[in-house]
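Okay, structure first, notes after.
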Amino acid sequence: MMEDRQSDVVPREFLCCSLCQDEYQDPKYLPCLHSFCKACIDDHIEATCNQDRCFSCPVCATEIDLSQEASIELPDNTLVRRLSCPNTVRDKRKKTCGQCDNAGSSFPASVHCVNCDEFLCENCAAKHLDQEETVSHKTQTIDKFEEGDNGWSSGSQLPTLPRCCQYYDALDIGSVYCVDCELCLCPECHKREHDDHRCAEVSAIALNFASKIKRPMKELKKDKKSLQKALASLEKAKNSTFKNELDMKDCVRKRTGMLCNLIKEYETILIMELEKRYSQNLNMIREKEEVIKKHLASIAVVTDLTEKLLVFGSDEEKVSLRRKIGGRVRELCEYRLPSKQVHLTKCVLSEPAVTVESICEMFGELKNHSSLEKKKLQAASHSVDLGVMSRRNRHSISSTEEYPLELAGLGEYEDEAEEDTDMLSESNTSDALRPASSLFSTSGNSNEEMRLSNKSSYSPRPENTTHEPDNEVKRTIGTQEDFPCHNLEEPVREMRFPDAIISECIKGVGVNHLGDIIVGTVSPGGCSKVFILEQHGIIRGQIPIVKNWGIHSISADGKISLVMPRSESKYKVKVMSGDNNVDVLADGHIESFGLNFVTATKEGKLLVAASRYATTNAILGRSGKYGGNITLYDQKGSVERVLTNDTFSSLHMDLFDRPHYISTDKRGNFFVADPGRHSVIGFTPGGDFLFEYGNTDAEEELYQGPDIICTDHHNNVIVFDKKDNRIDVLNYEGHLQRCYFPNEHVRFISSTPDNHLMLVNSEGLIRYFDYI
């Protein structure tokens, strides 16, 4: 009766395997205490166990290591087994059919029902399994039942603790449990082998366990309630998120419909206006037609009458009509012909001055729901001293200086959001939206640049096909005002070049668009190599340079420039990409006096920087004239344009002295570092002037270089001055965004695809810093 009452209150979920969702068959438990059928957990282990003999619990994902166990046999869960079959003990019961006995006849039983714990003959067993309420019962043969009996029925409590010998009786007053050996002892074994061990009665140990486990169980129940509450909150937040998503999608569709309706209304207005204007034109044409037709009718009647009079008229008729015909002809000849062109109104639909940002302003931006007053209050209460330093008074920030940063507590869900977030601030400058922005760009003679909301973003002007500089472009020169400067002290990560690279002379270092590091080296014997390193510094491959070719430069974006001298001023050049395939971007012959730098755009246009350019003299012949210049070659190797100081004479400025380094971006814009003029100059793909940033005559010097220049994915130009050990970040308008000062001597810099600044020092140590 006690077991029956326990079975009534035990939940079915406790007695069902979570894998097969059915009652336990030979239940086993894992170290995490989750129980499963033996067949179910064996299948799971076979399917998920790895080479280290580890698998995860299918419920809580606890990792279980079988390599530490002597056997993979899992322990039985006797509690679940006893509660699954809560029946009375069968002691020497007769193996006869119970249903036939009740009917007054006696037949030997051949089947045992596990669920009902009843013996049945073959006929009664078939009827038993055909009934709807007992169709799912488990049955077994009498032989199998007797094999598993052994004095313990399937419904009675199986022994769960190891026993010392066959004479152990749990009801014996002297029987104890050895805590040290974890063994049930009879009185004889206790005195003989375990007298000095910690022993106590099983009931006392169970009572002690029950009293001590109450407190941690109470804590676990509190944790369970907290986690259940958190799950309920998360479920509420998930439902709220789904609802908000549906509401916002519906709002977007309604907004789109509203804008479409406005466009259709404006379409109707325009069509009505067009009909009105063209109706006026048609009326003017019709009036003009009427006048011309009437004049033609007047001429026709006079000419017809005159011709007929001359042919068929008598002399008297001619004399009679001569004055009238002559007067009418004279009137018609003197009449001003209505052949003047009609001035008609021609309608032209202007191009829409629509940009991505204007569409966003009309449509609306996605923002988190919060009040403006709350945002202002937060901005006032959480202001932080960022440690902005004056450029003139550069002081290193001591590690002992404290800049308290008070972070607002993050709300768990959207109702507790503390700050508006512009969801389109990044996407407005993305590559995916640039084709859309080109559809709305203004065509014609307008050279106005479209600038997006991000201050560092830039869309270049259309190339000037006449190769004449824009007279309206003004020189942008760096001023001596204070601007944000920071020390680069804590790298995100660092590594070192392999010994194979450090042992050689490094010509240049760059990073390709995949993040691989491209290193050009020259050995003491004069052999040149190009190494390709993956992001963690492991050499992925090396390319030996063919004899007579030399590495001229490695650009910051990983392009490899090779040069073979042909004469004093003629070279064979080859520029290769730094990708895995090392494709040849440009290959040709050039003439250059004072060659400084060679690179190419991704389209294959060659860019050459030199300190002198070719000129023809009647006496000296072809020679080099002093003056920095940039020569642009097309994909066929022909000179497309030569940029000199004379090219920009209309701007009243000298741009070049000794152009030393060129960097290109993905659009084809290129930027030149000129240490002779101590400035950085930006150009469009066609060679039109963008900006100049650098030293001025009126202010103190900004640069002693610059030496290296590169671009990043955020439309920034990064300038490095080796002598001043200074790194500036400019936008495409030539405005300084921020300034950094490394705490070590740096040889090479580059930007990585994951928005890090890579610095390489003279000892071959590579460090990555956050700079955006």
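For all residues, glycine too, the Cβ spot is worked out from N, Cα and C.
According to TrEMBL, the features are:
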{"type": "COMPBIAS", "residues": "414-423", "note": "compositional bias 'Acidic residues'"}
{"type": "COMPBIAS", "residues": "438-463", "note": "compositional bias 'Polar residues'"}
{"type": "COMPBIAS", "residues": "464-474", "note": "compositional bias 'Basic and acidic residues'"}
{"type": "DOMAIN", "residues": "17-60", "note": "domain 'RING-type'"}
{"type": "DOMAIN", "residues": "92-142", "note": "domain 'B box-type'"}
{"type": "REGION", "residues": "414-474", "note": "region 'Disordered'"}
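In this model, the domain 'RING-type' (17-60) carries an average pLDDT of 87. The DSSP breakdown of the domain 'RING-type' (17-60), given as helix, strand and coil counts, is 11 helix, 10 strand, 23 coil. Secondary structure of the domain 'B box-type' (92-142) per DSSP (helix as H, G, I; strand as E, B; remaining residues coil): 18 helix, 11 strand, 22 coil.
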